[in-house]
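Some features that TrEMBL has for this protein:
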ACT_SITE  A:Y152  active site, proton acceptor
BINDING   A:T38, A:N87, A:Y152, A:A153, A:A154, A:S155, A:K156, A:I185  NADP(+) binding site
DOMAIN    A:7-183  domain 'Ketoreductase'
Amino acid sequence: MFDLSGKNALVTGATGGIGGAIAAALHGQGATVAISGTRAEKLEEVAKELGDRVHVLPCDLRDRAAVTKLGEDAEEKLGQVDILVNNAGITRDNLFMRMKDEEWDDVIAVNLTSVFTLTRTILRNMMRRRAGRIVNIASISGVIGNPGQPNYAASKAGLVGMTKSLAREVSARGITANCIAPGFIQTPMTDALTEKQVETIAAAIPAAKFGTPEDIAAAVVYLASEEAGYITGETMHINGGMVMA
Amino acid sequence: MSDIAERVKKIVVEHLGVEADKVTENASFIDDLGADSLDTVELVMAFEEEFGCEIPDDAAETILTVGDAIKFLEKNSS
């Protein structure tokens, strides 16, 4: 089950903790992967670790034209994109009253607008083939909110609504669109938390620990598989029981 | 009937799964042929492929009937 041999996947944010694990997991199931991120050197490192069946496509997701080009380049390198994983995300945390316009705009541009633009580009040929898997990485912050993250939470909640609308449009055409909402996962993003924050958060998690990037990657493999054809518009919550939706 | 008209009608018949005799020039994709809005987007994509041309969004919005499509393609296809 969940064999992805012969499938082609594009993963954004592949230099991050979760994105790297997603690329590795899809690759491990046999997929050819195109990995994208802002840091070209780090991408090359990830590619080297994976071995063959890997393409490196650096991209700054704040640049709309570059995002469209990323989609076109991925289709050219891969032949076609069967699996699109919109994983890239940034944080620019600040209290609501102190948040700068640029902090708001950057997070919305990378976390939400780029997903729309890239998906629109890739969707065209998925529609032609009447097949495709779109997996968007949301966040528990978008589900329950998080102090200091009005921008991040808005972008991630936005992904959930956008994904549901997309699923309603395209599911009759063999394309599924789903979200995964990770809880607190051990990554460079959560390494920024203070010890006290980590303690407080862990106390609210029934599993009593942070998750791993592999916990998320396994769910991406499932949603990307042929076997998951009847699940669409869904948000899969992977958070150690922190929220039971 | 022009060659273009025949090719357009063939695409419509195949894509929407309707009887060929219902695909008249006055037939509206949505009102007469049972297409939904996404079907019309897909039809435009199919026309672009068949005729090797690009149909911009503002032009696509004016293509409501089989005749509209034929007229547009007679003017714009290579």
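Note that the numbers count up from 1, one per residue, in the order the chain is shown.
A Cβ is built for glycine as well, from the same backbone N, Cα and C atoms used for every other residue.
Because TrEMBL annotations are produced automatically, they should be read as predictions rather than curated entries.
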- Which state, by DSSP, holds A:I185 (NADP(+) binding site): helix, strand or coil? strand
- For A:I185 (NADP(+) binding site) and A:Y152 (active site, proton acceptor), determine the Cα separation and express it in whole Å. 16
- Select the most exposed residue of A:T38, A:N87, A:S155, where exposure means the fewest other Cβ atoms within 10 Å, treating these as the binding-site residues. A:T38
- Item | Under 8 Å by Cβ from the residue listed as 'active site, proton acceptor', same chain, sequence gap 6 or more | A:G89, A:T91, A:R92, A:D93, A:V107, A:N111, A:S139, A:S141, A:G142, A:N146
- Note on the structure: Across every protein chain in view, the count of C-beta atoms other than its own within 10 A of the C-beta of A:A154 (NADP(+) binding site) is 18
- When pLDDT is averaged across the domain 'Ketoreductase' (A:7-183), the result is 97
- Simplified to three states, DSSP reports A:N87 (NADP(+) binding site) as coil
- In sequence order, which residues at least six apart in the same chain have a CB under 8 Å from the CB of A:A153 (NADP(+) binding site)? A:S139, A:S141, A:G142, A:G145, A:N146
